[in-house]
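Below: the structure, in structure tokens.
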Amino acid sequence: MIDTRLLPATPEGVAEAARILAGGGLVALPTETVYGLAGDARNDRAVARIFEAKGRPQFNPLIVHVPDLEAACRYARFDAEALRLAETFWPGPLTLVLPLEGEPVSPLVSAGLPTVAIRVPAHPLAQRLMRAFGGPLAAPSANPSGRVSPTRPEHVLEGLAGRIEAVLDGGACEVGVESTIVAPGDPPLLLRPGGLPVEALEDCIGQPLITGGSSERPSAPGQLSSHYAPDAPVRLGATEAAPDETWIGFGRTGGPLNLSPGGDLVEAAANLFHLLRQADRLGRPIAVAPVPERGLGRAINDRLRRAASPRP
Ligand code: TXA
Ligand code: MG
């Protein structure tokens with residue numbers, strides 16, 4: 001067991017986190033989407049420890065986090081479309097899957113694929129840590145495999161205390177669902193809906209995104225159908241709760257647990273994983289009100305379907 005430290009959002013806290021990373025250690029860092037479990041993406045041992053700490057069943061490829069587009073260009077090939085997406089939406093909740101090119105990262109990061117998933121997070125503390133560390137950070141969400149993603153430092157500690165060196169305390173994450181993953185190309189593929197609405201991406205690209213992978217194009221391995229799972233069974237699209245159920249509402253549905261009483265999808269995304277955890281602690285089956293399938297509602301419904309699907 002490691003003594004997991006909670007590091008403050010101070011220059012000293014950031015410097016200590018960078019020192020741990022440079023020594024091959026693991027630090028959970030806040031991003032605008034969810035907390036990531038970061039290790040040096042060039043260090044095989046650090047990356048392997050990420051899989052071990054999460055208890056991941058397979059070596060799914062991980063997202064590489066860098067502070068800006070210039071740093072991203074050291075590891076991946078950007079064509080004109082990828083450049084336009086990066087210039088429009090970075091820093092922010094968009095991950096691009098691009099051909100690996102340039103300086104090496106650990107092959108464990110890309111799980112042997114010829115591509116790499118790369119993103120520039122907007123969170124100021126993530127930015128400060130990446131600049132202090134000065135290298136690429138591999139960072140999946142900082143939760144044990146198959147569990148709900150963490151959006152607060154206490155969530156990280158609940159799942160990973162004793163298995164990682166530190167958590168950098170950035171408070172609650174603003175977006176609350178993971179980044180949207182896109183593989184630019186013809187056609188551009190949506191590999192995971194997420195914190196950047198698909199509509200904004202389609203406006204930028206000028207053509208519709210195709211959902212999922214194909215035989216010649218990458219899919220997002222690790223998109224297991226049961227994922228983000230609370231312990232309790234989850235029922236979706238519920239118009240009311242049965243007497244033994246805990247109800248998570250959306251909009252004017254009443255009840256103490258509500259994704260967004262005002263029906264705001266941005267607020268609902270930010271609350272999603274926190275409310276699933278709160279409901280799960282009550283130990284009863286969970287019923288969730290319908291959430292509209294537009295904007296961030298697509299990412300919210302994707303995570304909810306995974307939370308509700310049969311467990312492996
Ligand atoms: O918001 C986020 O993206 C968070 C924060 C911490 O940045 N990170 C995150 O990472 O969600 P993770 O490891 O939980 O999800 C990574 C996803 C997986 O579904 C994986 O299959 C996909 O990215 N992925 C990674 N590399 C890929 C590649 N080369 N080709 C296709 N999919 C890839
Ligand atoms: Mg995850």
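Start at 1 and count along the chain as shown; that gives each residue its number.
Note that Cβ sites are derived from N, Cα and C of the backbone, with glycine treated the same way.
Here is what TrEMBL says about this protein:
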DOMAIN    11-196  domain 'YrdC-like'
BINDING   Thr33, His65, Arg119, Ala139, Ser179  L-threonine binding site
BINDING   Arg56, Asn60, Thr115, Ser141, Ser149, Arg192, Tyr228  ATP binding site
REGION    211-230  region 'Disordered'
COMPBIAS  212-226  compositional bias 'Polar residues'
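Annotated features taken from TrEMBL, shown on the structure.
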| residue | record | contacts (Cβ under 8 Å, 6+ apart) |
| --- | --- | --- |
| Thr33 | L-threonine binding site | Pro93, Pro121, Cys173, Val175, Gly176, Val177, Glu178, Ser179, Gly194, Gly195 |
| Arg56 | ATP binding site | Pro140, Ser145 |
| His65 | L-threonine binding site | Thr31, Gly36, Ala38, Ile118, Arg119, Val120, Pro121, Ala126, Met130, Pro136, Leu137, Ala138, Ala139 |
| Ser141 | ATP binding site | Val34, Tyr35, Gly36, Leu37, Ser149, Pro150, Glu178 |
* To do: For the recorded L-threonine site, whose residues are Thr33, His65, Arg119, Ala139, Ser179, find every other residue on that chain with a C-beta no more than 8 angstroms from the centre of their C-beta atoms, and list them by sequence position.
  => Thr31, Gly36, Ile63, Pro93, Thr95, Pro121, Glu178
* CB contacts for Ser179 (L-threonine binding site) [other CB atoms within 10 A, all chains] -> 27
* Looking only at Thr33, His65, Arg119, Ala139, Ser179, the residues listed as binding L-threonine, what is the longest Cα to Cα distance in Å? -> 13
* To do: List those of the binding-site residues Arg56, Thr115, Ser141 whose Cβ lies under 6 Å from any atom of ligand 2, in sequence order, or write none if there are none.
  => Ser141
* Structure fact -> In three-state DSSP terms, Asn60 (ATP binding site) is classed as coil
* With the Cβ under 6 Å from ligand 1 as the test, give me the qualifying entries from the binding-site residues Arg56, Ala139, Ser149. => Ala139
* Give the residue from the binding-site residues Arg119, Arg192 that has the most other Cβ atoms within 10 Å of its Cβ, counting over every protein chain displayed. => Arg119
